[in-house]
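Asks: My questions all concern the structure below.
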Amino acid sequence: MTEKERRGDDQKNAVVVGTDVENPPTRYQPTRWQSNITIASCYIANFSDGYQNGLANPTNVIFKHLLGTDFTSEMKTRISNSLLIGAIIGIIVLGYASDMFSRRAGLLFTSSLVAIGTLMATVALSVHPTMNMLWYFVVVRGIAGFGVGGEYPPSAAAGIEETDEFMRRYRGPMFVSFTTLMATLASPILMIIYLITLVASNNNLTIAFHAIYSIATILPVIIIAMRVFMADSTLFHYSNFKRQRKSPRLILLLLRRYWWRITITSLAFFLYDFINFPNSIMSSTIISSLVKDNNVRTTAIWQVILAVLPVPGVLVGAWLTNLIGRRWTGITGFAGYVVLGFVIGGTYTKLSQHIAAFVVLYGLLQAFGHMGPGATIGLICSESFPTAMRGMGYGIAEAFGRAGAAVGTQCFTPLQDWAGDSATFYLAGAVAVVGMCVYWLLPESGGLDLEEEDKVLRVWLEERGFTVDGGS
């Protein structure tokens, strides 16, 4: 066989896995209106996801008063974990699907699941007897959780790609604004709606439950209507695996090249969610126990104040991402968590007698968390991987984060029952020390050129026997 014939056979047997970013045959680009729709839908979707996560606090208070001893700590943990476990499955499935098929299709699917699961949760109080209702609620919150989790990889990938194209210099602050800021704003707005409903209905908890869950159902319906008009980004159009055979060798090659980034971002996500989610969920229980007359309206007022305090932290974090970099912003946030975690734990006995002081310190603790790792870990994950595997890379890290949230919930609640509330703050401070060390090992992703990352991956794959084809 001649050399020319041998090369021809090699080309026939080669696996096609990439895209030609440099010389596309015809330049594809969404209109500015489509890009704006994509970014706007990311804002509302992350607000909706934050609202879904925040529902745990008023739901715990409502069920505690309506169901009494039937609402055990085990069932409370199951309900919290149903959203988390559903989210983990959704993150993994949609992380893969959004890279291999379409960001837009994945986002439409996840929004539909959130709407269906939340609508079913809205009618939960009509299910009898009580134990059947609680298990029904566990299942439907899991369905909503799948949609909420599935939202993160395609939404983060689509958002960072659109902002990189039109606002590259400000992609960090922009990303934080439509992810962490929106999710954080959702919590106080949810609690304000909950409080207004209590006042208007004279503390009717059934009406309050239906009100907060009805709004949670409407939000994803609005998002679906917007996403019908969105389009996949230019980066994704020219750098994806839609037309390729999904070879196990391809996946192994990607893992071989990016294993360190996947490992370190996953660990950082795990540690932050390990302390953030349980602390957020437990806040309602702790505040409720500190309110002397156990009044639901008074508890709701303090929850609103507590929910507002982290918002300035996110704004500071968005500003710092460009000023001092992603890594140092995260390290600074974890450092604040360490200091305040040990301060609150050490002075909890006295703080519990002064609820205003406790809420302010607890709010500052949450503010540092949202300023540092809360604002930056998703951003670092989105920037650290090439377009063709951005959803998968982000999805793996986020899935570990949700696993950390589930493990943290299982650890914090028994610890709270066994050693008291103060012990949970000591544990949070100790974990934050480890978080600072892990953050030091993360890449400073602010200086990465997303298009250049795509080109480097394309060349690297070609060197290992994979040829490159054009567009999606």
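Glycine too: its Cβ is placed from the backbone N, Cα and C atoms.
A quick note: this is a predicted structure, and the numbers were derived from the prediction, not measured.
According to TrEMBL, the domain 'Major facilitator superfamily (MFS) profile' annotation covers 38-447. Per TrEMBL, the feature transmembrane segment maps to 79-98, 105-127, 174-201, 207-229, 250-272, 300-321, 328-349, 355-380, 423-442.
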Asks: Can you name the far-off residues of the same chain, 6+ from the ends of the transmembrane segment (207-229), with a Cβ under 8 Å from a Cβ of it?
Replies: 34, 37, 40-41, 44-45, 47-48, 51-52, 55, 58-59, 62, 104, 107-108, 111-112, 114-115, 118-119, 121-122, 125, 147, 190, 193-194, 197-198, 201
Asks: With Cβ-Cβ distances below 8 Å as the criterion, list the same-chain residues six or more beyond the ends of the transmembrane segment (328-349) that contact it, or say none.
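Replies: Answer is 268, 275, 313, 317, 320-321, 358, 361-362, 364-365, 367-377, 380, 420-426, 428-430, 432-433, 435-436, 439-440, 442.
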Asks: What stretch in 79-98, 105-127, 250-272, 355-380, 423-442 has the biggest tally of Cβ pairs under 8 Å against the transmembrane segment (174-201)?
Replies: 355-380
Asks: Hey, which of 79-98, 105-127, 300-321, 355-380, 423-442 has the most Cβ-Cβ pairs under 8 Å against the transmembrane segment (250-272)?
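Replies: By the under-8 Å Cβ criterion, the transmembrane segment (250-272) pairs most with 423-442.
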Asks: List, by number or range, the same-chain residues at least 6 past the transmembrane segment (105-127) whose CB is under 8 A from its CB atoms?
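Replies: Residues 41, 45, 48-49, 52, 66, 90, 94, 97-98, 133, 136-137, 140-148, 150-151, 153-155, 158, 206, 209-210, 213-214, 216-217, 219-221, 223-224, 227-228, 230, 391.
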Asks: Which residues, given as numbers and ranges, are at least 6 beyond the ends of the transmembrane segment (423-442) yet have a Cβ under 8 Å from it?
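Replies: Apart from its flanks, the transmembrane segment (423-442) reaches 264-265, 267-268, 271-272, 274-275, 278-279, 282, 326-327, 330-331, 334-335, 337-342, 344-345, 348, 365, 373, 380, 411-412, 415-416.
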